[in-house]
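Peer 1: Would you mind keeping the following structure in view while I ask a few things?
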Amino acid sequence: MEARDATAGAFVRREGDDQTAKDQHKAPKREQTPTRSKMEQIFGFKKEDLTSWHSFVALLNRPTDPASLGIFRCLFGLLMVIDITQERGLSNLDYKYLDGAPVCRFPLFNFLQPLPLDWMYLVYVVMFLGASGIMLGCFYRLSCLMFLSTYWYIFFLDKTAWNNHSYLYGLIGFQLTLMDGNRYWSIDGLRRPSIRNAHVPLWNYTLLRAQIFIVYFIAGVKKLDADWVEGYSMSYLAHHWLFDPFKLILPVELVSLLVVHGGGLILDLTAGYLLFFDVTRPYAFFFVSYFHCMNSQLFSIGMFPYAMLATSPLFCYPDWPRNFFAHFPSFLRPVLPLTSPGSQPSLSCVYEEIQGSGTQQRQTPAAAKSSKLRLKHKLGAIFTVLYLMEQFFLPYSHFITQGYNNWTNGLYGYSWDMMVHSRSHQHVKITYKDRKTGETGYLNPGVFTQSRRWKDHGDMLKQYATCLHQYLPRYNISDPEIYFDIWVSINERFQQRIFDPRVDIVRAEWSPFKPNKWLMPLLVDLSPWRPKFQEIEGSLDNQTEIVFIADFPGLHLENFVSEDLGNTSIQVLQGQVNVEIVEEKKNYTLQPGEQIKVAAGAYHKVYTVSEGPSCYMYVYVNTTEAALQKNFTKLYEIQERVRNGTETEPLPPELQPLMAADDDEGSEVNATDPIVRLFLKRQRRMKEVKKRREAGMLERLQRFAVKKYYTIRRGILMTAIAMRNLAVGLPPLEQLTREVAYANMKEPQAEASQDERLKDEVGHAEL
């Protein structure tokens, strides 16, 4: 509804009655500005508008200025045009779909499969044309259908690429298809003067505003979760440089608790309300704009921050674009939206019947003399009510669909659970067993797929196991059984199993309407251990690392300790475990508080023998990395002495590259000693990072523009190649190879920096 003292119905009076009132100077003042109730001033409608179905339908179909809707339509279309080349993946479509390669896919419905690659490019072309048509308001309804059909096809084709904002784009596209979004600043308006600058029914605004309110508010309600309120969901965000100003007055722990979690909760719960009312809207604009600008830097979420910024003006007066563009120079008026007040009547709206006779009757718009409700008006009201009911229901429909997600069962993808859970994976093992020969072996996690999301979702795990069952016979593994042993920590809890490692997932039952029997429950009773984790981690030195494990009775963890990890020990926190040293064929039983050292470069097994879950921790030092850091410190000291002239002894040949490091920044690192070579590469990389961070605004914009240019360039060229292939057939292989190589061309600096990534650095080894 209108969140202002001039309601949607008042627009008719202002644009019709008020204009006539200018010609009737003798009319009493009170007839020009009728007294309106407090409710009407605040909410934009009267109590009587809700007393009957007839008045409610008339309210939702009140004539409203189309200006704000038209500007939003244009902005949304523009953002989707950009999004298609970015997050939708037009620029890397050939890598995404790997035409002809054995790939495991994760569609929402198993019968959905991607088309051949050239046809997939055609799908994207149709989607691009649809988004462009929405932006321009050209063949609007057809453009919406083109965008909507292809967008949802791609959306349902890959669940691993799912996120909240992609879902939101599809919903908004669906809503715009049913709205009169081409009534303002559109090519359709130039082609058809009858719809140009014509009123739109109020429900067009009501639906969009309610949708954005739901996104904010339900996301806030979902954050009323103990993990979020206590600051465990997104604690790592507090270390980002964006929060440095807050860290000047607060310790990082309080920044995480109060700013990241507390601020996010309050903003989501209140943003929709603050945007609705005139008095609070300026403050809401400031906070939501600041919030979305921060999100654009914190996360790689494409156009979502900008799309949400584009929705904020929907809560303003619908005629705000007229006032805004009226301040532009007059020579720009031909290409800018209309700024003149008043809109022409539309059959999509229901107009108030003006009482009286004579001159007053002639005030009624000629095309809308009747206030009778038509079928389309009733259908618009019914759709609005049903759609909003469905949107409020879906976030709490988990009791219907329970088999989709790991520890948040149900339609998690349609519930606005935004950033509520953070996960870390410590151990992933896939075991196969040949049912004919009995042979067992292990698969590389992620084989036949580019995605990593299958590790967290029961439905995807089932799809992945089924796919592996189809492909493994090509490698002489007949009728394989597939077992998964996946360890996950959610919101800084213990690392624990998510699926039962004893169950063959290929033959396991799965239904979206039933809980997964092979899903291990989240050990929420162990959540109070988390403050203790922080206390233990705070007592360790910088070189010592720790992993907290919880396991179920009757199960065991088979683990291999990397040779890089020295001084590794297992200490029991709760329950009872039996540690088997495989090579020694010895078993040791440990009680709470007891520990045992395990050798590096060898296997061991940890059995949970207590009646309840066992909790223990690995404590280890990455000795290889520690030794490397020690060597780096020595090399840095030598380099500093050479620079300031205090090094009196000549450097041996293997250390002499340290002297030329500053002079030959653009040359290749040429050192015989691998430690020196790695040290110089790391130094060069650190200089690069520092230079990028300290770059001026113009340099950053240039770097951003160049990167986007080559990304968009590849998408356009690859699309052109695909369209040519569909039109005239495939060219000779040599020609196709040259064309693809030309499309793959990158900026010289990017090509040169590929080898600068420290692939040979020693990282944290996985236990």
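Glycine too: its Cβ is placed from the backbone N, Cα and C atoms.
TrEMBL lists these features:
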- 12-36: compositional bias 'Basic and acidic residues' (COMPBIAS)
- 754-767: compositional bias 'Basic and acidic residues' (COMPBIAS)
- 61-320: domain 'HTTM-like' (DOMAIN)
- 1-36: region 'Disordered' (REGION)
- 747-767: region 'Disordered' (REGION)
- 121-154: transmembrane segment (TRANSMEM)
- 202-219: transmembrane segment (TRANSMEM)
- 254-276: transmembrane segment (TRANSMEM)
- 283-308: transmembrane segment (TRANSMEM)
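Tell me what's around each of these sites.
Peer 2: Tertiary neighbourhood of the transmembrane segment (121-154): same-chain residues 70, 73-74, 76-78, 80-81, 83-84, 88, 90, 93, 112, 115, 169-170, 173-174, 176-177, 181-182, 185-189, 718-719, 722-723, 726, selected by CB-CB distance under 8 Å and a gap of 6+ residues from either end.
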Peer 1: Same chain, outside the transmembrane segment (202-219) by at least 6, Cβ under 8 Å from its Cβ: which residues?
Peer 2: 1-2, 8, 59-64, 68-69, 72, 164, 168, 171-172, 175, 179-181, 267-269, 271-272, 275-276, 308, 311, 314-315, 318, 380-381, 383-384, 387-388, 391-392, 395, 415-418
Peer 1: Could you tell me the mean pLDDT the prediction assigns to the domain 'HTTM-like' (61-320)?
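Peer 2: Mean per-residue confidence for the domain 'HTTM-like' (61-320): 95 out of 100.
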